[in-house]
Amino acid sequence: MSPKDLTIPTGADGEGSVQVHLDEADKITGAKVFAVYGKGGIGKSTTSSNLSAAFSILGKRVLQIGCDPKHDSTFTLTGSLVPTVIDVLKDVDFHPEELRPEDFVFEGFNGVMCVEAGGPPAGTGCGGYVVGQTVKLLKQHHLLDDTDVVIFDVLGDVVCGGFAAPLQHADQAVVVTANDFDSIYAMNRIIAAVQAKSKNYKVRLAGCVANRSRATDEVDRFCKETNFRRLAHMPDLDAIRRSRLKKKTLFEMDEDQDVLAARAEYIRLAESLWRGLDPIDPHSLPDRDIFELLGFD
């Protein structure tokens, strides 16, 4: 098949953009699937790992898939930087049939299963391909058969076709933000991308998590303007930073009042996502409107 043989859809998913066909055999079934997005450095991996831990505390069988070349998504769950799917595929000259599950799936805190997809070298290849190959491997080894929750932790605020690949599998997208202009600006772009993809895929926006934020006034103002919603608030706690340094989740840290409150918030978030949320239909704002809403007093 050549590019000219592909059907080019029109409309909100990008004028002239090519939709990557998702083979029925590669669809994730039987589990609730969440994709976590947000501005680079906002704490997506910390949020994803603590959310995975919270789901596991609730008795759910959890798989977390890191989709960043840094491959540190599951660092606090496993206590180490685990080999990536792309690395182990290189070791077998890209013959996936030679791989065993223990080559690329690692057990972390409270039984959470951890996979790091990794990524191609800078300036080469496509991250979407790596995500696709990771899901194929998991399906081929039947590693998704007994999973209740899958969490994709996705690279930065990139919204190109490649790193939108997890949206093909996700039921809902969660955006991690902070109570500042740059984070909310990135969230606005992610909302636009997810809403566009939702016209072709099942994914829907769940809401946002205000992370590393003393207050939530700017986030709440944006949500009110765009019909979005805040799902949780994780304050800027030193214990969360220290947990990263200690290679641990928040659920393994000393139990002071702040830590217990943050754990309870993660449990509450996991419970609400598992239970299901009322649908919302948010809209992104033009750049000028974002500046007028948040950029000036």
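The backbone N, Cα and C atoms fix where each Cβ goes, and this holds for glycine too.
Reduced to three states, the DSSP call for Arg212 (ATP binding site) is coil. The Cβ of Arg212 (ATP binding site) has 21 neighbouring Cβ atoms from other residues within 10 Å, across all protein chains displayed. Annotation comment: Swiss-Prot describes Gly41, Ile42, Gly43, Lys44, Ser45, Thr46, Lys70, Asn211, Arg212, Pro235, Asp236, Leu237 as ATP binding site.
The Mg(2+) binding site annotation in Swiss-Prot covers Ser45. In the three-state DSSP scheme, Ser45 (ATP binding site) is classed as helix.
Positions annotated as [4Fe-4S] cluster binding site by Swiss-Prot, on the basis of experimental evidence: Cys126, Cys160.
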